[in-house]
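Quick look at what TrEMBL lists:
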- A:C53, A:C56, A:H57, A:H73: heme c 1 binding site (BINDING)
- A:C198, A:C201, A:H202, A:M276: heme c 2 binding site (BINDING)
- A:31-139: domain 'Cytochrome c' (DOMAIN)
- A:184-301: domain 'Cytochrome c' (DOMAIN)
Protein chains: 2
Amino acid sequence: MAQELREDALDIFRPLPSTVPAVADNPITPEKIDLGKALFFDPRLSASGVFSCYSCHNLTTGGDDNMETSVGHGWQKGPRNSPTVLNAVLNAAQFWDGRATDLKDQAKGPVQAGVEMANTPDNVVATLSSMGQYVEWFTDAFPEDADPVSFDNMAKAIEAFEATLLTPAPFDAWLNGNDAALDETELAGLQLFMDKGCIACHNGVNVGGHDYYPFGLIEKPGADVLPEGDKGRFAVTDTVDDEYVFRAAPLRNVAVTAPYFHSGKVWDLKTAVQIMAESQLGEAVTDEEADQIVAFLGALTGEMPQVITPVLPAESGTTPRPTQDIIIE
Amino acid sequence: MAQELREDALDIFRPLPSTVPAVADNPITPEKIDLGKALFFDPRLSASGVFSCYSCHNLTTGGDDNMETSVGHGWQKGPRNSPTVLNAVLNAAQFWDGRATDLKDQAKGPVQAGVEMANTPDNVVATLSSMGQYVEWFTDAFPEDADPVSFDNMAKAIEAFEATLLTPAPFDAWLNGNDAALDETELAGLQLFMDKGCIACHNGVNVGGHDYYPFGLIEKPGADVLPEGDKGRFAVTDTVDDEYVFRAAPLRNVAVTAPYFHSGKVWDLKTAVQIMAESQLGEAVTDEEADQIVAFLGALTGEMPQVITPVLPAESGTTPRPTQDIIIE
């Protein structure tokens, strides 16, 4: 019985790999991971000195920031809910609209976004080049580059560190053959998750994160959940079919990464499950069914890798100073 | 020769203890340290969900935030430079004006300050009480308290964690008898630091942090460094003698915690040394002497304890939601 469910599940999902996944055009080395960790934690990647990657992808709180939308430079609010960085390397593309192919492409976005870190590639390179220890780390991480300290290499190093942020969960243990890893309620939730059709969008190793679907496939949620101004992937493809299309959220660690949806408007996971059932599948789930699905989703909460807080180089006399000024472009 | 200098130095300074110091009215236990670490990293102690203790006392950058003055709620700027949390447990009092007796008293300040975390004790307790894991951790850390989840206990736990943040430096190794720990230039700097009179204020285990002195004892620096509006300890004691009086800065890790002074207006350590020599001692130091003193101060940069990023509890349905609104009182 359990074995039959497991075989069906293995057709749809995949357990996390036990090793750091390879990524395109960026061989992952220990030196690159260490450099990437330093960069990920470094608030000097932002113009203000206030925000690092860690600020909105907080490793203490599920790899995101537990807000509707993030607060950035000048106390501005970003347009969409910050997605978790955990296991993100396994997503088919990055951002809610998939506009970045991979994490090295993604990493360059927030650093430059005026409402986020509000920095420029030139200023980032000037900042990193001004600290001898960073120059050494970049040289070690990119030994074949004539000019190792670059914005591109910053992004590659961050991608390398982020690729290590995998969180094996009870669901993986169960997929790998451990019957005791999921309890009856969680198994019932898994069965429902498969039978109701949630797996049409939420499948694969990240239980989502693989493809794009219209939010409101059957019935569009209200503007409180699906704000009219944000047309999702339409902005990327300029195709009418892509209006209100978003990447299906990867569901690993979903129980610890409220609030939900690109709008971040829903704080309760059960409510989110019910909205999804109605808007995407056109069928209401009972209260008990929703509880069971939530129990299954809880089994996707994984174990965080141990991350030792890095020690960053001190600024030198030539390090650009932080500025909290808001530049209107 | 080295031994003579060491004996003189040991009359003035003390090496860091090898064990976590005891603090008043707060027995330190592993449970309290672990809880305190979680709280220290938790941005939900702020009203906005943006700032944690870690934000301005960043363990990756010397235990401070490398800004003139910190940025807080609503992008407001604080009045004074954020001091390092490293070794702060060994200071005689906390804040630039010593208005908090100890770290548990200090920890309550920024959480409530409108320009910092802008929270209230009630909201903090409501937040922590809403998460079962926190209630368990508080119960473990304060087993004799009928009501363990309290604002006072939050502060005590944070103090316990902060008491572990000691950074043994080459200077400690030298004080402890290792001749090779300081080089000739550093030793020359130490000799100057003692002979010129810097030790009148910067002495003891933290090379400062023990007592209060007027900034501009001999010659007041310009308003660019010593803003007229901030009269320091005068605001605490209401005594004219305390105008422009500040706690002598503890100098451990000073080389990695620019910018300097309560105003945070000076980024270069050598410049800071020269300003101190003129304003506090009334004597100019030569360029070479300043370099030697800076070299000695560099030997106060210690080794960070390894801090593993904690995993914080997820919010529940009753957790107060973050708000970025600015309340004018």
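Glycine is no exception: its Cβ is also placed from the backbone N, Cα and C atoms.
Here A:C201 (heme c 2 binding site) comes close to A:G208, A:D211, A:Y213, A:A248, A:Q280: these same-chain residues lie at least six apart in sequence, with C-beta atoms under 8 angstroms from its C-beta. With respect to A:C53 (heme c 1 binding site), the closest of these binding-site residues in Cα terms is A:H202, chosen from A:C198, A:H202, A:M276. The number of other Cβ atoms within 10 Å of the Cβ belonging to A:H202 (heme c 2 binding site), over all protein chains shown, comes to 24. Under DSSP, A:H202 (heme c 2 binding site) is assigned to coil, being neither helix nor strand in the three-state scheme. Shown in sequence order, A:F193, A:G197, A:I199, A:A200, A:G208, A:A248, A:L251, A:Q280, A:L281 are the same-chain residues outside A:C198, A:C201, A:H202, A:M276 whose Cβ sits within 8 Å of the Cβ centre of the heme c 2 site. DSSP assigns A:H57 (heme c 1 binding site) to coil, not to a helix or a strand. Confidence over the domain 'Cytochrome c' (A:31-139), given as mean pLDDT on the 0 to 100 scale, stands at 95.
Ranking the binding-site residues A:C56, A:H57, A:H73 by the distance of their Cα atoms from the Cα of A:H202 (heme c 2 binding site) places A:H57 first. Largest Cα to Cα distance within the recorded heme c 1 binders A:C53, A:C56, A:H57, A:H73: about 16 Å as a whole number. Annotated pair A:C56 (heme c 1 binding site) and A:M276 (heme c 2 binding site), C-alpha to C-alpha distance, rounded: 25 Å.
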